[in-house]
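Asks: Questions regarding the structure given below will be posed in turn.
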């Protein structure tokens with residue numbers, strides 16, 4: 001029963017498609033989709049492979065995924081070769097097994113089985129696949145969505161196969177994502193000899209009260225779908241050409257804010273810059289807006305997927321819109337009916353990444369039931 005989804009997962013894992021390289025993963029998928037009668041549009045942009053595939057007419061159900069993976073890291077720490085799919089103790093090991101080649105295999109096999117049983121199904125099934133999700137994303141779904149909008153393509157429902165499950169398959173789904181805003185802050189002082197602190201302004205000492213308040217900022221209390229907005233300082237360093245007997249003239253601070261739908265970019269920037277001004281800090285700051293938060297408007301889609309998950313796992317999933325960003329934020333420009341669900345994320349981006357083989361079959365069956373409920 002596992003053979004098809006397991007074999008396809010293994011084929012994809014055996015390709016070292018480190019982002020943004022695809023190296024043939026998508027052609028494996030495309031050939032199988034063509035046999036099912038899908039129209040294929042390759043949308044390759046610079047070093048990134050993308051494709052849009054569809055079959056049928058009417059309301060469109062889109063499966064969204066990525067064939068790229070993060071690097072393996074230190075191969076010496078792996079128990080198996082990261083790009084040789086290996087079965088051991090009921091698990092499938094390999095880079096991308098959980099994030100997200102296993103999910104892509106489950107999607108495709110579910111669609112194959114569905115079309116074989118219901119060749120005259122109503123509606124349209126589509127796939128949107130990229131090889132640039134794990135790194136910049138600049139030539140991936142972001143640009144493809146713009147192209148599809150120009151062509152007046154319509155997506156009614158979108159299922160993203162990101163690894164949303166936590167401890168066990170089916171325990172978590174996502175119907176939204178937090179926004180992300182980063183800051184590169186330069187705090188200025190005056191450089192001088194460390195033995196004469198009264199003559200100079202030490203930007204490190206001067207910034208400590210501000211940094212303490214910054215790290216404790218409360219933007220909101222969160223809501224039913226989102227945790228409170230959070231801020232994390234990621235890097236602090238003084239100017240490079242400063243020896244141990246010098247007061248530095250500059251201090252550079254990097255921080256990131258993950259925010260929900262209760263606040264926006266302008267409000268966050270205003271709060272942070274008001275805090276800087278409160279402490280009379282001389283500064284310059286450069287903001288990078290990575291992603292806007294979103295929340296799916298479709299309780300229908302959430303309830304439908306919940307029933308499918310329960311049918312095959314006996315678990316009612318929790319809604320947890322935490323974690324990083326995903327390509328779902330770009331699809332939100334085409335549809336606000338989005339749900340994310342996939343394999344457990346316990347080992348993603350780690351050495352010895354793996355999935356349980358039984359989970360691959362269960363996920364395939366959940367995706368199949370999802371299609372049944374939407375298109376029959």
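Glycine is treated like the rest: Cβ placed from N, Cα and C.
Annotation comment: Swiss-Prot describes 68 as active site. What Swiss-Prot lists as active site, proton acceptor is 133. As annotated by Swiss-Prot, Zn(2+) 1 binding site applies to 66, 99, 162. Under the heading Zn(2+) 2 binding site, Swiss-Prot lists 99, 134, 349.
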Asks: Looking at the recorded positions 68, 99, 133, 134, which one has the fewest other Cβ atoms within 10 Å of its own Cβ?
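Replies: The recorded positions 68, 99, 133, 134 were compared, and 134 has the fewest Cβ atoms within 10 Å.
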Asks: Round to a whole number and give the Cα-to-Cα distance in Å for the pair residue 99 (Zn(2+) 1 binding site) and residue 349 (Zn(2+) 2 binding site).
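Replies: With the alpha carbons as reference points, the distance is 8 Å.
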Asks: Among the binding-site residues 66, 349, which residue has the fewest other Cβ atoms within 10 Å of its own Cβ?
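Replies: Sparsest of the binding-site residues 66, 349 by Cβ contacts within 10 Å: 349.
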Asks: Specify the secondary structure state of residue 99 (Zn(2+) 1 binding site) as given by DSSP, simplified to three classes.
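Replies: Residue 99 (Zn(2+) 1 binding site) sits in a helix per DSSP.
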Asks: Between residue 66 (Zn(2+) 1 binding site) and residue 133 (active site, proton acceptor), what C-alpha distance do you get in Å?
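Replies: Rounded to a whole number, the Cα-Cα distance is 6 Å.
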Asks: Taking the recorded Zn(2+) 1 site as 66, 99, 162, identify the other residues of that chain whose CB atom sits within 8 Å of the mean position of the site's CB atoms, giving them in sequence order.
Replies: 65, 100, 103, 133, 134, 161, 163, 326, 342, 348
Asks: Taking 8 Å from the centroid of the Cβ atoms of 99, 134, 349 as the cut-off, which other residues in that chain fall inside it around the Zn(2+) 2 site?
Replies: 69, 70, 96, 100, 348
